[in-house]
Each structure stands twice: as structure tokens, then as C-alpha cells.
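For reference, the structure is listed below as C-alpha cells.
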């Protein structure tokens, strides 16, 4: 039986059969090995046992070692390229995925300087126009509606403070949001 | 107990709590209908909003979503053969076949009535078992607690769909993320990598919203935005009534599913998904006409639907009385309680009875609301599927960003959430289960504190475990679970 067939067989419980490793799983495991090494370097600086008993480094050191071992186990597990998710489709070659990812990271990076409203408006328009291929008009309209809705629900109704930006300062002067 | 329940209904009778119960049940059903957007994502999205509520109101709202999802997932399973939620996967098989034969109303009716009955059994179980269990657990020392958590994490890894190695890796990562920040005992910074913002540790909001919310956004980008065919639900309430024969065939599966689901729900790693799978297997084995399974067997709908709802209720026992969640959703509920300064555990019945009994009362009321709301509003709920991906994705991003920021008013948390979003996407795509990660993250600090207290008391001697039979029992159970998982998987591989 091939690994893909094994995965499609009905197990006694959801995790009864160890699934074959995909390329993505191996990449994650490789990341796990690197993270375990970095974590060990950090944890090794901490005291594992002191005069008053177990120290702050005891559990982190144990965890880093175990994590490295398990990540290596996942890395070495037999693989099967046919079990790649979505038939092995590459997310980085998908325009929608890239736009969504850039929008997410863009907002996270712009938030401290530009506040929430302006980056969210730009991100929504970009997601709809470039990620989904809608018209500029629809993207702009939905961007405005969504941002206004979030401001009214979270800022005005729930009183959630927004990160400071040009738009927030204007909204603050109108009494629509509270200052951060 | 009756006094406690009456107290719970008194707590629930405030207009705010009643509205939150209704809102939670309604939102849960909508979320259950939408494929992909599971209870964990929704609870993560709503976590920051609950900061504005009192702890009782917050948990009533989030619990409503949790048990509402089990109802909602059934609708798309029966009408579209698309499980809105993992616990409804099994219902797709026979529920959809019943719908194709023109019995969609009967399938939904049996599922709703069976779910209501099972939930009621589950809530009664929670009421009856929680107080004695809490009394038993009060006697636990640090070793017992640490060992219990270890056993729980082992069971979660055992049941994880992703396999033992991947689940173990996720649990270890969760424990590590939980230990970031100042050491709770000595105050030494750990795993901060020189980043001052990490000194206070990683908050559950960026972690949960990143792993579940933002990773969902990235996942949505890869899903084709197509419309699925929806079989017509009945237009009148009478159309949901099963025939006499269908009703008769449903009774025993519902009863079995209720008991089985409740017991499975108690197990760490168990819960609604496993309960529904096991119930289907049991019903197929006991059926007089097993050949009907897969072709529209009533038992294949009644049993699993009852089991997943009873499992949902059962999962509240370890959460409320031990402070140990049994799956990712209850881990987020625990996180919500901790944010509000509520420490679930054996003392909750004495110290914060309004929360415990308020939740129990809200579960009773929530189930009535779900039964009354669900069938007449089937058409409305199904229309939620018509929301285009592009609108949903942008809304998820907006809610995640403002939700994460509002928790600590820290822009760094948003960056952290974006990082967890990418991590969550990679993990999900690699077939890693996020449940063990979140669970270990939530349990980590308590586990470490208990372990270190235990080691301190015994001066590092593990021989003390021989004098503590309960702790030893839990540790042996953990070892046996992991050994069984390895042996069973090896056997499965050899059989292949």
C-alpha cells in the first residue's frame, strides 16, 4: 500500500496511522531543529539547578533537547511527494496568497507609524483589487465600509483605543475613537 | 446542587448574560456552517472583545460559540456534504445521502433533537461529576498536578490526527512558547533573544489570533472561491420531523452516542471529533442493517451527532474542575478565563461559584436556544455560505489586527501575531496539529511551576513518586499511552 493510500484509509481514531511526511512538514521540522539549537544556546546560559532547587534553565534545557530529537525524527520520517497539500501547489506562486501575506505584514509593520485606519484601508483595497481582481470601485467601497465599520464597532461602541496615526487623530478630534 | 443551578440561572437572568448566551449560540451556529472558520478561530477572534465583559459574561459568550458550532456544522454536512466543522465530518456520509433521498429535513431534525438530548445528558454529567471530582483534586500536591498534565499531554499526542512525532513536536513548541519571558520563580528572563518586548512573555491573544485567525486568512487565499451545490432544506417546521420508523431507529444510537460522547469528552485530546468517529464505528458494528451505512442510515446521523454534542459538554469537566483543557478550543476558553483573572480548578466551585454555575445554566439555556433557533433558521444560516472569500478575508485581517492591539495596546504584539500567522500556516500546511501547541502553551506555566515545586520538596529525588501513588499512576499512564501509540502505529505500518 502506498503512503497516500494509507492516508486515505479509515483509521480506528483520527491519529491511528502516522501520516507520511510532506516537503512542507520537513521544512517545518528543519526549522524546528534550528529553533531547538538556538533555544539550547539560550537555555544553556541559565542555571539548571541552584542552591534552592531547580533553576530557571532546567525545563528549557530539557525541552530544547527533546525538541531537537523529535524534529530530527520528523525530518527522517519516510516521505511521499503525492501527499503534498493541494497537489503540491506553491503558495508563493499564488497572487492572492502573496497579496494577503503582504497586506498582513504591511499592516503589522506600518501600525506604529501610521496607526490602524490608513494601513487597513490600503490593505483592504490591495487585497480586493490585486489579490481578488475586483474593480477599483468595489475595492474602494468595501475598504471604506469595512474600515468605518471597525472604527464604529471597536472604537466608538466598545471604546477600544486605536494606535496613533493621522486618521486616528482626526477621528479623535471628532470624538469617534479614544486616544491610545 | 439545585441551589447552585438556581444561582446559575439567577446569574444568567441579567439582560447582558442572556444576550451573550443568545449571541454565542447564534454566532456558533454561523461559524459551524462556514467551512474552515472553526470554533478555535472564532473564539480567538472574539477573545479581545470579551475583555470588555465581566468574566462570567465572557465565558458564557465563548462557551455558547463552542457548543453552537457542533449544531451548525451539521447543516452543511447534510445539505452540501461539506463539514462546517471537524466534528461533523462523519455526518457528511449518511446525512448527505439521506438528503439526496429527500430526507434532509428528517436528517436535520434527528440531528437537532439528538444533539439537544445528548447535550442535556452531558450537562447533567458535568453537574453530577464536577463537585466530587473537585473534592478529590483538592488533595493533589505539585507532583500530582505535574503528572496529571503530563498524562494529559500524552493522551493528546496519542489521539492527534497528525501522528505522535508531529504532535509531540507541537507540544514541546507550546511548552517553550509558554516559558518565554520572566521565570515565575526566580524572575530570570528566558528565551527573550534580547528582545525587551518578550520579557513579559507571549500573550495568548497574539498567539491564538496569529495561529488560528491570520493563518486562516492565508489559507483562504489558496482555496478556490467556488459555490457549492446546496440541497434544499424543508420550508416548514413539520418537514423536519422524522417518520415513526426513523424516530424509532434513532433512539438507541442517540442514547449510546450521548454516553460514549460524554465519556470521550472527558479525555484530554478527546472531545467532539473523536466522539463522533467512535460513535459511527460503534453504530455500524451494532446495526441490524450495516449495508445501509454510507447510503443514508439514520443511525449514522443520530449516533455521531449525539456523541459530538455530549463530547462538547463533557470537555467542560476537566476544564472547570482541573483547570486542564482537553482540546484547542477549551484551551482558548481557559486562556480567556486566565486573562480575566479566573483560575479554573477545584476551588472554582467555592471561590467563584457564579462563574461555574453561570456557565452550566447558560449551557442549558443555550441548548434550548439552539433547538428553537436552528431548524426555523436553516435557510438563513445556509445563506452565510454566500459571503465571498474576499470580504471575509479582509474582515478577518481587520478584526485580528485591532483585536491583538487592543489587548495590551502594543504594536509589537501585532507583529508577533503576523509571525504566528505565518508559522500557523506553515504548520497547518505541513500537517501539524495546532491543538497540542496551544494546549501545551496554556498548561506550560502551571506544569513547570508544579514540577519545580515537586522537585524542590523532594530535593530532586524522584524516588518520592513511590510514596505518591496517584502521581506515579499518572506517570505510568503517560508512559503506557506513548508506548501504545508507538506500538499501534508500528503494527499499522507492518499491516500495510
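Including glycine, each Cβ sits where the backbone N, Cα and C put it.
TrEMBL labels come from automatic prediction, so no person has curated them.
Of the candidate ranges B:319-343, B:444-468, TrEMBL annotates residues B:319-343 with the feature transmembrane segment. Highlighted: of the candidate stretches B:59-80, B:136-161, B:259-282, B:355-382, B:470-488, B:355-382 has the greatest count of Cβ pairs under 8 Å to the transmembrane segment (B:106-129). A contact between the transmembrane segment (B:59-80) and the transmembrane segment (B:470-488) is absent, since fewer than 3 of their C-beta pairs, 6 or more residues apart, lie under 8 Å. Comparing B:22-47, B:259-282, B:319-343, B:355-382, B:470-488 for CB pairs under 8 angstroms to the transmembrane segment (B:394-427), the maximum falls on B:22-47. Beyond the transmembrane segment (B:259-282), the same-chain residues lying 6 or more positions past its ends with a Cβ under 8 Å from any Cβ of the stretch are 70, 86-91, 93, 118, 121-122, 125, 151-153, 155-160, 253, 300, 303-315, 317-318, 324-327, 329-330, 435, 439. Beyond its flanks by at least six residues, the transmembrane segment (B:355-382) meets 4-5, 7-9, 11-12, 17-18, 21-22, 24-26, 28-30, 33, 55-56, 59-60, 63-64, 67-68, 71-72, 75-76, 79, 108-109, 112-113, 115-116, 119-120, 123, 126-127, 130, 230, 233-235, 237, 240, 313, 316, 320, 337, 342, 348-349 of its own chain at Cβ-Cβ distances under 8 Å. Looking just at the domain 'DUF112' (B:18-439), the mean pLDDT is 84.
Within the chain carrying the transmembrane segment (B:319-343), a Cβ under 8 angstroms from the stretch's Cβ atoms is held by residues 39-40, 43-44, 47, 50-51, 54-55, 58-59, 62-63, 66, 126, 130, 133-134, 137, 148-149, 152, 156, 204-205, 208, 265-271, 349, 352, 355-356, 359, 407, 434-435, 438-439, 441-443, 446, all 6 or more beyond its ends.
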